Amino acid sequence: MAPLPIKFTELLQLSNFEIQAASIGFNSCTLESDHYICIRQTSETNASEVIIVDLKNNNNVIRRPIKADSAIMHFTKQIIALKAQQRTLQIFDLDAKAKLKSTAMSEDVVFWKWYSDTSLGLVTDTAVYHWNIFDPSATQPQKLFDRNPNLSGCQIINYRVSDDEQWSVAVGITQQQGRVVGAMQLYSKARGISQSIEGHAAAFGTIRVEGSATETKLFTFAVRTATGAKLHVVEVDHQAGQPAFQKKNVDVYFPPEATNDFPVAMQVSQKYSIIYLVTKYGFIHLYDLETGTCIFMNRISSETIFVTCPDSASEGIVGVNRKGQVLSVSVDESSIIPYLLNNPANGELAYKLASRAGLPGADSLYQQRFEGLLNSAQYAEAAKTAANSPRGFLRTAQTIERFKQIPAQPGQLSIILQYFGMLLDKGSLNKHETLELVRPVLAQNRKHLLEKWLKENKLECSEELGDIVRAHDLNLALTIYTQAQTPQKVVAALAELGQFDQILPYTKQVGYQPDFTVLLQHIVRVNPDKGAPFAISLVKEAGGPLVDIHRVVDIFQSQGMVQQATEVLLEVLAGNQPDQGPLQTKLLEMNLINAPQVADAILGNEMFSYYDKDRVAQLCEQAGLLTRALENNDDPVAIKRMIVQTDKIPEEWIINYFSKLTVDLSLECLDEMLKVNIRQNLQTVIRIAQKYSELLGPVRIIGLLEKYRTAEGLYYYLGSIVNVAEDKDVTFKYIEAATRMGQLNEVERVCRESNYLDGEKVKNFLKEAKLSEQLPLIIVCDRFNFVHDLILYLYKNQQFKSIEVFVQRINPARTPGVIGGLLDVDCDESIIKGLLSSVNPNSVPIDELVQEVESRNRLKLLLPFLEATLASGNQQQAVYNALAKIYIDSNNNPEKFLKENDQYDTLIVGKYCEKRDPNLAFVAYQKGQNDLELIHITNENGMFKAQARYVLDRADEDVWKFVLADSNMYRRSFIDAVVATAVPESTDDGKVALAVRCFVDNGDLPSELIEMLEKIILEPSAFSDNPALQNLLIFTAAAADKARVMNYIQQLSNYSPEDVTGRLIELGMYEEALEVHKKEGNHAEAAKVLVEHVMSIDRAQEYADRVDAPEVWSIVAKAQLEGLRVPDSIDSYIRAGDPSNFNEVIEIATNAGKDEDLVKYLRMARKTLREPAVDTALAFSFARLGQLPELEEFLRGINVADVEASGDKAYEEGHHEAAKIFYTSISNWAKLATTLVHLGEYQSAVECARKANSTKVWKQVHEACVEKKEFKLAQICGLNLIVHADELSDLVRQYEHAGYFDELISLLQAGLVLERAHMGMFTEMGIAISKYRPEDTMEHLRLFWGRINIPKMIIACQEAHLWPELVFLYQHYDEWDNAALAMMERAADAWEHSHFREIIVKVANLEIYYRALTFYRSEHPTLLTDLLAALTPRIDVNRVVSIFQKSDDIPLIKTFLISVQSQNKRAVNSSIHEILIEEEDHKTLRDSVETYDNYDAPELAQRLERHELVFFRQIAANIWRKNKRWQKSIELSKQDKLYKDAIETAAVSGKTDVVEDLLRYFVDIGSRECYVGMLYSCYDLIKPDVILELSWRNGLHDFTMPFMINMLSQQTATIALLQKDNEERKIREASQQKDEDNTPILGGSRLMLTQGPISSAPSPGPYGQANGIAPQATGFRAF
């Protein structure tokens, strides 16, 4: 039997992977590619899960607890698309564990699939959408086209899109007339139109039609109708100018037993251009795409294959049947052509298929045809045959040679060129063809064709091709070498082109490792400028240097390229790492020898820190870079040797350099500088001392300068710090130095300005110095109040001129002290008077002068001075005070002076006079209005009349209060004087009134006040008719003696009745007030008194009858009304004819039920008034009296009644018929509707409510309808209420209280479709459903979550215990914290891992992360790693470790710990160490210990050194070594005989004693190899004497000899170097020796600071020369 043309394979059986049979079907199993199968199923425990089978990864199964309606996997990536509730779509990246996109469709998605690597196709009931998942801008699916009616009612089973996405087809099936009918909608994106086609399966493909330059797009579909089955292949998007594809219609054969079979799937193999057609009954059909010829048909499955997809190579088809078999069908390349050739009719098909797909089996046929065509001279056809031969087996060198030998026809291209043209049109050339074509093309100089073909990938690049092209174009050859993957030729070409920067990226890309050292040598020779950048790229390679940096430096040095070597080293050493010390030293050595200025710049930039500073310092000194030598030298001897050479070092640099030295070394250097050359270095030393004065200490600097007796040094140094120094000794030293330098101006300045001056010490020094000018001494004594001592000193030395200078120019304010001092030494008065006359009086404190003189009883001495002071125009108060005292003591008419003069201080002079003359004191106090002092002196001396006159005239309330106070023991005497003398004498109304008011304000002097007022008013006086005083008299009597009031009312006539009656009424004296009103004829006010105060309505009515005045009747009527004597009140109002108080009358009468009396009053009122209140009350009275006809007649007539208010009142009181009349008359539908409700007319009430359209009315009518269970009418009202958010809650509460839950939900459902539906309606609907229909809550939330008040709904879900719904709400309200907590707290109902993982990364409260970890640890430990991977960037690793340590669950998070170990946290490292020790993984533990150092090293080492495995003890030794516990490490290594480790530890320690101990150990145990190893490894740490001793004692001379030879060699070289250096130093010192000059330092110096005459050294102030010292102000000019 001939082999089949197909390969048929069962890839796997789904049932073997615990997949239920019920889950293997069209709705739950999807196959988007041959990479993944995705199955949804529900486990036995009712848990939903999605199972993903990776066909390309050994059928690996991935299970995820996902609940969804549909799940489809991406073609190749671990990206899953999920659909829930038919509308919610979510896309997740399972690798990244992240959601890519999500959306909610407005209608159900009935079918979807991946139609490309990036996009999904979605088919809904009405339209088709495309959604690009990887386009950030495509947030929502984009509608492509609407569904045609022919798909209505169909089950969509497939959706296909062409590769260019210009054509789409949706396929559906439906049951009609006992058979399955297929319907398709073909859509053109470019045209935007659709076509309805009958069909069951469809696909798109392309094929190259003979003679066409482009691919032809084809659409193929299969259909089985009632009459037969057809396969159609048609062209779409035909391009003009290209051959047309002839439409193919071929029959599809179905066996007789398969009467109900029909096509279910179709795939097109692009590789073979074969159509795979699968039917429902499991038949496979293979058709040629170009001709439609059936190649093969057979049954491959007894069960329906419900889903298929092409394989990744587009060779065959993969499908799944209902048994769970995953089947693969593809072309068998080895048998299909022989299979076709078995049927002669298929020979041409076999011929084309073999050519098109490169299949074997037709080679002999092609060979025969090729030979026949050549023999028949059909060369063009022969060339075409060779070009199209399967697998190119005829495209050989022999064929090319045969074509080259065929002569060209005139006017035609040669056959060989035609052959190459066919090959180029078909595809690309092979290597031999390419070489044959390129040679003639380049020979004809048509290089552009070669470039064109290379761009189109028509040529096969090879090394040979590149060699050919190299001679013509090196750049083009480089391109060919690159594509041919010949890296050695590419590198050579790049080097030749000078593109050195491209070499390294290329070698990294292709993984080629040339000899970079040789390459660098070549580049340095041919292009030195490019050498350095290339070398830098080699040594800076990210994966590590590609060449030895030392070798690189050698290469540059061998060519004398110091600059380039420097450039490379600067780049390499930019990191300034400790291990780069030798290279840093080499770089500096190289430049110090060849380019010192470059080395100077490098050192100046402080780029390096680890070079050999001693070596560099030595070279710097040799190169003359003393500054750099000093920077890198820490040898005090060398520093002092170089620092004294100030002529070779910038002065500023030296000054700054001292900041790096210690205090002691700084002072030693300064000492050395002064000792070696004080003339040259003094200025620098002074500047250094000035800058670092605080650090070095002024005391030590002063001691240093005094050591060399340099007075000018002290002067200039102290001059720079004296202004800021806080040490009194410093100031004193400066004064001393300035005095010795003759700088008296500076002495004067410091004495004047310094705040840190020892006055006593300076004063004594200046007195001893006996200066020619005493100004500094005067200033010091003035500042420190040594005036008395100064005067004694000056008087003793007869320096009267200095005294005058002191008081005249220095401090005239010290004149009192000077005068006092002169008086104490009994100086002649003429001298004192002369001194006073010479002083400016304005500068002298007269008070102090008077006090000084007065204390010595010499006050008269000042009289000439004071008089002269006044004569000069001085108006100081102290002058007048002094004169007053002198006039008082001399009795020189003092009273006149005190009265007439206004300049003296009355208080001071008054006090001076109190004991001498009280009258003079009274005059002074009166003049100065010194009230308290005046009252005191008058009280003490019984001067009460004067006091009374003064107080009355002073007219000051505070003074009156003081003298009238109870505490004043002289008050009675004072009051008598006021009443008897002061008031009768006064004529000033204001002052008397103030006196009276003060008596009144005092409150406890009523008798005295009455006495005073009777004296003023009742006795003839200027104030007898004063109304205010009469009022006051009555008021006072009313308060103090009521019996007098009636008499005063009868006697007095000028008082104010209004004020008096008001006051009397306040005091309850109503009869007196009534008498005043009667006396004045004020009947209305009298009636008010009777009514309001006497409260006798009967007396008031009698009084009204007597006076018969309307206003009196009105008052009486109002009182009667207030007393609820309504009929009497109404009669009184009628007698008064007063309707003015109608409001009150209406209110009280209405409340009292006196409607009939009220009607009388209102009829009277309507005669004169047209007030709405009157008419309204009259109408309402009719209503209350039940006089409905009168009411209707009144309303028909003219009135101004507030009908609505009357209706409201009638409604409130239950007069509904009357209210109906009121509301009907004004057409008030709202209130009429409410009234009708009470009357039981519900239908009419609803009609009125509709007319009123008022919320309140609707609410009232609604409540009534609900109460009466008129739910239809209630719903009409309710729909008009729920659109108002404020009314909704009350309405809901009404229904719930009544228990009408279904009616409430029905009402809210009806309201959701309203245009005015608002958030409150959706929210209340959700709450109602959660309470009464909880099973519908989630559906409602998914549909309307965007229109719900989520916080309110959250509360409702919590109360209803709807946990999944609660999580849903938290998630959509961005309450991620609460969502996560809810999922954990209600895990049984709400938890799902992928959903939780998506939520947890968005929470804000970090504590929830740790709570989630605890939750997973106890509930889902296997998912911990996945959760920690998501939370790693957000959690505190230390805290995580602590949590799992407490529960002893650290191994659960091992993967997580390893992933975060790069953070080098102690807790992580310790936990990992614990796990690795338990697992005995010593390799990983070693790597961890060496890589990460943050752990408790001693604890770990102690634990490991007790481990039973030697590897762990070795790690412990390494840890001890890293922590410099050398002895512990060595002992541990010796214990395990790891001698190499012990030697390395000793060498690293750098400690001689450690090395010697280990060396002796090796000698003791007789290990000569270790002994020699120690000598080599620890050469620098072993003392020669120790080695000699051990060698001699143990016979180890042979093993020690190499060490000794090397040691002696180095020692000899070192001694020679020291000897040479010592001889050079002696020669240098001998040449620099100079004789010290015996003359003073100031003479002959080159320094500017010592210029000028020695006898008058300049001040560093304004008069000094510019010498580098900051100028200082003197503070005072010379005399």
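Glycine is treated like the rest: Cβ placed from N, Cα and C.
TrEMBL has this to say about the protein:
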- 540-686: repeat 'CHCR' (REPEAT)
- 689-831: repeat 'CHCR' (REPEAT)
- 837-976: repeat 'CHCR' (REPEAT)
- 983-1129: repeat 'CHCR' (REPEAT)
- 1133-1274: repeat 'CHCR' (REPEAT)
- 1279-1425: repeat 'CHCR' (REPEAT)
- 1428-1571: repeat 'CHCR' (REPEAT)
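Assigned with DSSP, the residues of the repeat 'CHCR' (540-686) fall into helix, strand and coil as follows: 107 helix, 0 strand, 40 coil. On the 0 to 100 pLDDT scale, the repeat 'CHCR' (540-686) averages 82 in the predicted structure. DSSP places the residues of the repeat 'CHCR' (837-976) in helix, strand and coil in these numbers: 104 helix, 0 strand, 36 coil. Taking DSSP states H, G and I as helix and E and B as strand, the repeat 'CHCR' (1428-1571) has 115 helix, 0 strand, 29 coil. Per DSSP, the secondary structure of the repeat 'CHCR' (1133-1274) breaks down as 110 helix, 0 strand, 32 coil. Across the repeat 'CHCR' (689-831), DSSP assigns 108 helix, 0 strand, 35 coil.
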